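As written in TrEMBL, here are the features:
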type	residues	note
TRANSMEM	20-44	transmembrane segment
TRANSMEM	56-74	transmembrane segment
TRANSMEM	128-149	transmembrane segment
TRANSMEM	155-174	transmembrane segment
TRANSMEM	181-200	transmembrane segment
DOMAIN	192-326	domain 'FAD-binding FR-type'
Amino acid sequence: MPRWTTVVHPSLAHVLNFRVSPGFSLGNLLVLLAYGFIMLYACFFLSNPFKDPNRAAYIAVSQIPIVVALASKSNWLSWLSGVGYEKFNYVHRFSGRFVVIAVNVHAIGRLYKSSLNGTLQARLRTPLYIWGLVALCALDLLFVCSLSFRCNKMYSFFFVTHVTCVIVSLLAIYMHQPFMLPYILAAVALYAFDHIARIARTRYTTAWLTAENALNGGTTLVDVPSLGGGWRAGQHVRIRVIGDTWFGWLATWLVGRARPFTIATGPNSGGMQLVIKARGPWTRKLLRMAAASDAAEKPTDTELGRKPAREVRVIVEGPYSGPGYTLYTAYSGVVLVAGGSGISYVMGVLDDILQKHASGNSNVRVIEVVWSVADPDTLYSLLPELTPLMQPRTSPRAALSLRFSVHWTRTIAPPVPRTALPLGMYLRAGRPDIHATLQSVIASVGKAYSTTTCRKCGTGSPSGIVIGSCGPTALIDDAARAVGRVSWADWIDIGGVESIEEVFGW
């Protein structure tokens, strides 16, 4: 079923997708404004925080279970809405900051009230005030250590301080006011349920690491042949690479950080593959491990033209997120946009669409893939995986048009082709024009449905276009603007345009 945004005027989608800041839309801002208004109303309507400082504290504590739920990988809001947990991260941050502000309002009001009646010094020695100040300091430290630059540059420090401050603050709140226990238990129960659900989604298995130094400036291909299904195209898993000893396994499971990576293959494709770009200490270490001289050749390497691969043991957790209730195969046209290592998302979705097209379970008639890379070597390094996707496939329903455009953006000498590109794949210099690509797909879909052949396949009119994008924030913002520029006439003719976004980073 298409989203409601596909049946309304495109100007509404354009307004809601308008970027207030990179990666943050006007629609996101409206959600936060509505949430903030409700909280401010609850805290301050007919209430003076200096005369009744407890009200802000009650509202703050009531939001703690919500803050925990929004931070969970397995939360009910994602299940109901079909939106990935990471899409709620901005609401989690906002609600967490509101809790900190409300607790500070409560503390300032309580200290001010005590100072007026001359009892402040005596009250500061009581357990009530001592535990209250402990909770206040823990929450303020939690806020300072959760600023964006710390999350991006010092994640391990952020994670340790986050967990420590949350535990200390919850214990201190209980010691401060024991009747707050139900809210604390609710938060603990949500946290426990999330981890139990994550354990149920975890597998311990063998993976093969292949180093590709020319791919995106250094990339590791992780093949997990034992996992052949159980996910939807576009979903991601969280992976840990463990040591050879039992102590290494235990340490990785207990304190090792699970890194999220999009699955680059569709289900029922003979195994799971991840494309991991070396962009941080852990991923660079993984690349060095894959390129180690003791790598052993696996049987499929010769067939794929690959280098020897290294065998490792991994803990795979997931899958998570993905397109939710959106079915790519329910649309007439698909535009897939990727930047750099975002190609893993595109490969998984494309593989799934092609499988369902061959079995006659797809409405898709036109697919346009746009991949933005730094240099042509990135394309040639991944060509063994991309070539099978470009092979023509017959379908009992209707023909499928597939075009794959790779744009290299770094200023270098014209590339010397190392091998012939598959039919339908093109290598171009310069940044892609996503709006022009979308307009081309709109025209192609309209042309496909104007033919007698397509009308005999069971549907007389287009069922819309979906544009799925994965990459840096700037690329995602370009895709959102392209959707907003579609004319009302084209919108009606093709059945609307839906956008699915997967953004790198926080």
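Each residue, glycine too, has its Cβ placed from N, Cα and C.
Packing against the transmembrane segment (128-149) from elsewhere in the chain are residues 93, 96-97, 99-100, 103-104, 107, 110, 157-158, 161-162, 165-166, 168-169, 172-173, 175-176, 506: each is 6 or more residues past its ends and has a CB under 8 Å from a CB in it.
Sequence-distant contacts of the transmembrane segment (20-44), counting only residues of its own chain at least 6 positions beyond either end whose CB sits under 8 Å from a CB of the stretch, comprise 55-56, 59, 63, 90-91, 94-95, 98, 102, 105, 473-474, 476-477, 480, 503, 505. If you average pLDDT over the domain 'FAD-binding FR-type' (192-326) in this model, you get 82.
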